[in-house]
Structures are given as C-alpha cells and as structure tokens.
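Comments concern the structure below.
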Amino acid sequence: MSERAGPVVLKLGGSVITRKDQPETVDESKLDAVAATIGEAAVDSLVIVHGGGSFGHPAAAQAGVSLASGTHDTTAISEIHAAMGRLNEAVLDALHEAGVPAVPVRPFSAGYRDESGAVVQPTGAIETMLGEGFVPVLHGDVFTTVDAGATIVSGDELVVSLAASLAAQSVGLCTTVPGVLDEDEDVIPEIERFDAVEGVLSGSDATDVTGGMAGKVRALLDLDTPAQIFDPDGLAAFLGSGAPGTRIDGSSQ
Ligand SMILES: Nc1ncnc2c1ncn2[C@@H]1O[C@H](COP(=O)(O)OP(=O)(O)OP(=O)(O)O)[C@@H](O)[C@H]1O
Ligand SMILES: C=C(C)CCOP(=O)(O)O
C-alpha cells in the first residue's frame, strides 16, 4: 500500500500578515488575500505556521528574549504568548472566513527546546487534526527551554521541525519578497549552500528577534525536503504544486 504523502507545510510570514512598522497591526487586506488563496486551493493535507510580525517581535524584544536569550520572567512570558494569541486569533478568523477548517495549536503549551537547543514539537495531536480534516495553525512563540527558562521559537524553526516529523510533501514560506534577492534585486532561483548567498542576506526591515532572511535560509538548508520562498503572488502556484520564487535545497551539503 503506498505511503500516504505527508502534508503541505506553509509559513505565512509576519511581514505579510502584519504591518511590521506598526505595533500589533494586522495587514487585513494581505491576510484576507492569502486566506482566500488557501481557501480556493485543493490541498487535502495542510499545516500552517505564521510568524510573529508586529505582535511577537516587539513583545519579545521588550523582554530581551530571542532564539538564544531566555527569561524566567513569567509576566514577560505570558505577555509574549498573549500577543501571539491575538495574532493567531486574527489568522484563524481570516481562514474561517475563507472556508478553511483551521484550528489553533499554541507552541508554548505543545513543545519545548531541549538542552541542545533543538525544537521538540510532538505531532500526535497535529496528525490527529489532519486525520480529522482540520488545518492546524501554529505560530512562532515563546518556548520553554531547558536551563534558560523560555526563549523564542521562530515560525521557520517550527516549519523545519514539522516538515521533518510529518514527512512534508512540500514546504513553502510566503513572505514580502518574491524570493531571496541577489545584489541586483533579482530572484535567486536556487540556493544549495549558505555561504553562496551570505553576502546578500540581511535581517528584516523591522524589529526581528529571529534572524530575518538569513535565519530563514539557514534553517531551511537543514531540511531534507526542498523549500520554496515566494511572495503572496506565488502562493497559488505553490499550493498548486508549482515552484515559485527561490528553491532552498540543502540536500547536497
Ligand atoms: N537577500 C534578501 N532577499 C530578500 N529579502 C531579504 C534579503 N535580505 C534581507 N531580506 C529581508 O528579509 C525580509 C523577510 O524576512 P522576515 O523574517 O521579515 O520574513 P517573514 O517570515 O515574513 O517575517 P517573520 O519572521 O516575522 O514571520 C524581507 O522583507 C527583506 O526585508
Ligand atoms: C517573536 C515571536 C514571539 C515569534 C517569532 O516567530 P517568527 O516571526 O516566525 O520568527
């Protein structure tokens, strides 16, 4: 019997669904547009992860928390998690409006970072949700961390963890740029090694505690499944099994 293909794993970048230049501001038109595209796509097994945008990053920066820097301040932990909850609710509302059977998965209560810094994100509940025809919606979050209280887990890290543990059939990251751009602002078709593009990768345009495009490319090169980085104009193509934007494939490393 053929193995059932794993899900499509899709990241909605915080720079797409929020106005990263304004605190806790959803970009309603962009969010509704990507939700509509997802609702129109015929994808039978889909996991969505969204970023923190102007909800999570400012709250984390204010508390001095990042991928590597943790806190034991439970007020700060609760505030970051609550900010991400507000964004997760807005994303779920937009997906429901578009007819997507989305359900929330809150990483702070579902996983942790171990003593080596690796993300441990159990998938039993997520696999059961997929089996019931639901679309699990996770997000970058504050994340309990061995010997550091709580750090930040990025949506990109969750995408990598889920893609591996769920044997994703494809991985897509929808952000504000049509792909990873070279020094001439042209889309780089494929990236197989970080050092080949390090010079053109910088952080994000706004507050970002998880490394921006450089962090994204580095995380995706560790994946067994090639990933695509594209903007909302490429989303329909990606969900239709196309390969828009930049392909990140670290398998030859
Ligand atoms: N070489 C590059 N090509 C394209 N974008 C780049 C490059 N270097 C830096 N960037 C910046 O990276 C940003 C995308 O990274 P960012 O982390 O903001 O994405 P995101 O996933 O949408 O956000 P979040 O991490 O909050 O979910 C682009 O908007 C751009 O400003
Ligand atoms: C900053 C927080 C809480 C989430 C970070 O997730 P990302 O925006 O996907 O990097």
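Cβ from N, Cα, C; glycine included.
Summarising the annotation, TrEMBL assigns domain 'Aspartate/glutamate/uridylate kinase' to 8-222. When pLDDT values are averaged over the domain 'Aspartate/glutamate/uridylate kinase' (8-222), the model yields 94.
The Cβ of S15 (ATP binding site) has 25 other Cβ atoms within 10 Å, all protein chains considered. Feature annotation from TrEMBL assigns ATP binding site to K11, L12, G13, G14, S15, G53, G212, K216.
The site 'Transition state stabilizer' annotation in TrEMBL covers K20.
Note on G155 (substrate binding site): other Cβ atoms within 10 Å of its Cβ, all shown chains, come to 27. G155 (substrate binding site) carries a helical DSSP state (H, G or I). As annotated by TrEMBL, substrate binding site applies to G52, H57, G155.
Among the record's ATP binders, K11, L12, G13, G14, S15, G53, G212, K216, no two C-alpha atoms are more than 14 Å apart, and one pair sits at exactly that spread. Filtering L12, S15, K20, G52 by Cβ distance to ligand 1 (under 6 A) retains the following recorded positions: S15, G52. A 10 Å radius around the C-alpha of L12 (ATP binding site) takes in these recorded positions out of K20, H57, G155, in sequence order: G155.
The DSSP secondary structure for G13 (ATP binding site) is coil. Here the CA atom of K11 (ATP binding site) lies 11 Å from the CA atom of G52 (substrate binding site). Long-range Cβ proximity for G13 (ATP binding site), meaning a same-chain Cβ under 8 A and a gap of 6 or more residues, is found for H50, G51, G53, G155, L173, C174, T175, T176.
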